């Protein structure tokens, strides 16, 4: 497979052009948030409510089993779980970025990154609704995440950059090989349990450390969870997440550049 | 300025299917559709467009004619820059508004009014522009209070009216239509006709695929006859319709 420079530039052009269509993808993203809870009275606040249920039930049950005090376990659980929902949606919806918009792709030539920005925007909005629970938890346990909370911003930028390449790559592969669409949800279900969300990373010892040390999701969760809990992510966290960003983009761009013209035929 | 220039374009679809042993057509009969052949990796390849060249400028209103599967819709999609040709070059200058599929960009659970915004944004308009134009679009569609009802309550003719109204009110240079005007009733057809004529007077470019010779005669001044993806005839509308009628053995009215 050979891809020349001009094709790579076309991809970067598409990434940039997508930004100009923000009125479109912001409208579509917000509509997606609303349509999920159409005709319900509290609408998108169901996201908030459902996270609150999880925090209450799992928080008291698992906190007790692992004999951790509530003021330690519940903030850890709520932040970790809320970030997991975000990351998981970026992966699961990223693979459907093109398949799920087939009718639009066959009809009108807007930059295909529009569909990716739409899903990023949608999930950022849902993260916003979920963070109401986080704010509630801070209030109940009297925690203050300042000043490190501001590190959430560079952290989010890194996560979103990864969301773009993951959707470009998986979205493209899934257009051609639909088995990926079946494989990914299974993998993600497993990933939830082997990633320190319900449990603490420092509790994994010995050989079990591989589930923390070699788990990319751990680094992305920690990148956002640490600032939310008022800590600064360690240098290792920054290094690994930035490294994955660079590697991911340098794989996704040439692959996408080579095949992107075929998407309209395959969806 | 509106310009569409196609230089020797060929478009092949790879299709994942194996040649069936079920039926071998005799070499004398040629099926409808594009040209089928076996690709390098055993896949079937459909050659939907075959070495097609064409130049259209401002004020041209082109009719696309041909049998089912002759490549009319595919050609429209190439002009809309949705399909990249396998060989050859496509140059399109000007803003393009395609109207190929009526259900596109339409959310059946949203109101007609909301759908003006969704489809309009897809066509490259801003929300501010759409707010200004929404009344004109609503009026042109003649849907009245139906615009406040969900789209699923609309008939196909009503959907066509709305989709057509949006696409023709967009700031655009090139309009691509695929067999859609025909869904409207006589009254709407007359209105659409006037709109398209004013469109052509403004030196814009129109390409329309249809099986209705009456629609094509009324709206277009040039025609391209496609057969199995090849250009069979190109010229003034009446001549090409006569050629097509002669080849199919109908009277072309």
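Yeah, the Cβs are placed from backbone N, Cα and C, and that goes for glycine too.
Automated prediction, rather than curation, is the source of TrEMBL annotations.
Residues annotated as domain 'ABC-2 type transporter transmembrane' in TrEMBL: A:24-227.
Annotation comment: TrEMBL describes A:44-67 (among others) as transmembrane segment. Counting same-chain residues at least six beyond the ends of the transmembrane segment (A:44-67), those with a Cβ under 8 angstroms from any Cβ of the stretch are 33-34, 36-37, 73-74, 77-78, 81-82, 85, 125-126, 129-130, 132-133, 136-137, 198-200, 203.
Residues 51, 54-55, 58-59, 62-63, 66, 119-120, 123-124, 126-127, 130-131, 133-134, 137-138, 141, 143, 159, 162-163, 166-167, 170, 184-185, 188, 192, 195-198, 200, 217, 220-221, 224-225, 228-229 of the same chain lie 6 or more positions beyond the ends of the transmembrane segment (A:73-92) yet place their CB under 8 Å from a CB of it. Residues or ranges marked as transmembrane segment in TrEMBL: A:73-92 (among others).
Annotated transmembrane segment per TrEMBL: A:124-143 (among others), in sequence order. Counting only same-chain residues 6+ beyond the ends of the transmembrane segment (A:124-143), those with a CB under 8 A from a CB of the stretch are 29-30, 33, 44-45, 47-48, 51-52, 55, 70-71, 74-75, 78-79, 82, 85-86, 89, 156, 160, 228-230.
Marked as transmembrane segment by TrEMBL: A:149-171 (among others). A Cβ distance under 8 Å defines the sequence-distant neighbours of the transmembrane segment (A:149-171), meaning residues of its chain 6+ beyond its ends; these are 11, 15, 86-87, 90-91, 93-99, 113, 115-116, 119-120, 124, 180, 184, 220, 223-224, 226-228, 230, 232-233, 241-242, 244-245, 248-249, 251-253, 255-256.
Feature annotation from TrEMBL assigns transmembrane segment to A:183-201 (among others).
Residues or ranges marked as transmembrane segment by TrEMBL: A:235-257 (among others).
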